[in-house]
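Features of the protein shown, as given by TrEMBL:
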- B:23-130: domain 'Pirin N-terminal' (DOMAIN)
- B:H64, B:H66, B:H108, B:E110: Fe cation binding site (BINDING)
- B:186-286: domain 'Pirin C-terminal' (DOMAIN)
Amino acid sequence: MQAFENYLKRHTPLTGEQISVLKQELKEKTYQKGKILLREGESTGLGYFVCSGLLRAYTLDSQGKEHTIQFAPEDWWLGDRNSFYFHEPAAFNIDVLEETQVVIVTKNFMEHATEICPEFGKYHIYLLHNSIRYMQRRINQLLAATAEERYLDFIRLYPKLTLRISQIMIASYLGITPESLSRVRKELARRNSRV
Amino acid sequence: MKKLIENIVSKPTRPGMVGDGFRVFNYFPKGVITQRRMSPFLMLDFNAAYDFGPSDHVRGVDVHPHKGFETVTIAYKGSVAHYDSAGNSGVINPGDVQWMTAGDGILHKEFHEEAFSKKGGLFEMVQLWVNLPQKDKSATPHYQALLAENMGKLVLENNQGIVNVIAGSAQGVHGPASTYTPLNLFDIRLNSGGTFHTSTPSSHNTAVLSINGEIEVNGQKVAEHGFVLFKNEGEEISIHAPEKSIALLLSGEPIHEPIASYGPFVMNTDAEIRQAITDFNMGKFGYLE
């Protein structure tokens, strides 16, 4: 919970007192690697703030192949909007890639935080717009960017993940084959290696 | 003066896997035995003797980076094949030691040697991480392949056993390893009833790990796989083996610099860690399939 409090103090106008009030309706949980927090089609109304660890949102296509939508390492939020906001069946699955400590939030938390601190509402809107512009960027990348451009963007957004997840998973996120990813990394090494 | 013992730690309850080829008990950093407490040593993983059995694929740990420190791999049973992005490769057989200076950054991978992996058998090894001083963290990556026959050999009188001096010196016998800071690393092989007397400066952070057999260290019983941490008081150490035993002694002058670490990167500041991550992502450590 401390990581979440620190995040709120750093990024939002919530005061310590207000956070203490809001904390009462929050749950903190630790999940082991491999746990599935949400399955496509379920509607839990839950979103997650990652205090430590790593979550992933993904879908499975008709051949059973995984497509990674988003990662959520420390200080990231993750939720399926259908389930979290609209209480409709989730479009994505969410699973746990490393032992992860989360704070579980609901739509009520966001609304309550805005009630007691209207400025929080503005932060929430900022968060949403920021999220949308990343999604727009991602759509454009998946449509138009080269494999190398996608990889360079990935390491800017998630610099530490190359140390924490497999190449196959990174390739899945980037929408390229693992072989293409290897080629990109090999080419970067050819240009930049100091070994 | 006899070196005082601070703590005798039992083998951890559960091992962890590194890749699918290394089933290790981590002795430090853990609890009060922090990286600062064991400086210049950063980590000790011990793959206690374990029969992996025959395998249809080569077991090990795939490509991963290191920067800012050294990895020392000591083979006791079984063989380890390694490859790095500088184009080096080799096999470490029982009694051999690979001393890899990651320095400015390198990629490597370690597997059970192919023939050993297919046949299976007992596998036993130690991996020790040794920190580099700030001024040497940008050293060009390189490694020293220290073969069993080239270790400093201290033969104890009256058939008490032999000490393979890997680094530093014991009773005037020097180890072949070249190190950036003063340290000792002894592979001690005692026959039943044998005793090894040595000393390390009180300033050194010093420890002894029992690899095989119950031993007595400065008069205190240490169960097999127990880990003895000495205080920084006194110099003299005696290791006695009621039964045939193998022990590992490590001692080193602490490096009095800040430690910032993230996984396989050990630097001095968070900014340097961020730079290390960027350098790795951008291919500066080379490429390894």
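The backbone N, Cα and C atoms fix where each Cβ goes, glycine too.
TrEMBL annotations: computationally assigned, not manually curated.
Positions of TrEMBL features highlighted on the structure.
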residue : record                 : CB count, 10 Å
B:H64   : Fe cation binding site : 17
B:H66   : Fe cation binding site : 25
B:H108  : Fe cation binding site : 26
B:E110  : Fe cation binding site : 25
For the domain 'Pirin N-terminal' (B:23-130), give the DSSP counts of helix residues, strand residues and coil residues. 6 helix, 66 strand, 36 coil
Which residues, in sequence order, are found in the same chain with Cβ within 8 Å of the centroid defined by the Cβ atoms of B:H64, B:H66, B:H108, B:E110 at the Fe cation site, excluding those residues themselves? B:V61, B:V63, B:P65, B:T71, B:H82, B:D84, B:M100, B:I106, B:L107, B:K109, B:P264
Could you count the residues of the domain 'Pirin C-terminal' (B:186-286) that DSSP puts in helix, in strand and in coil? 12 helix, 49 strand, 40 coil
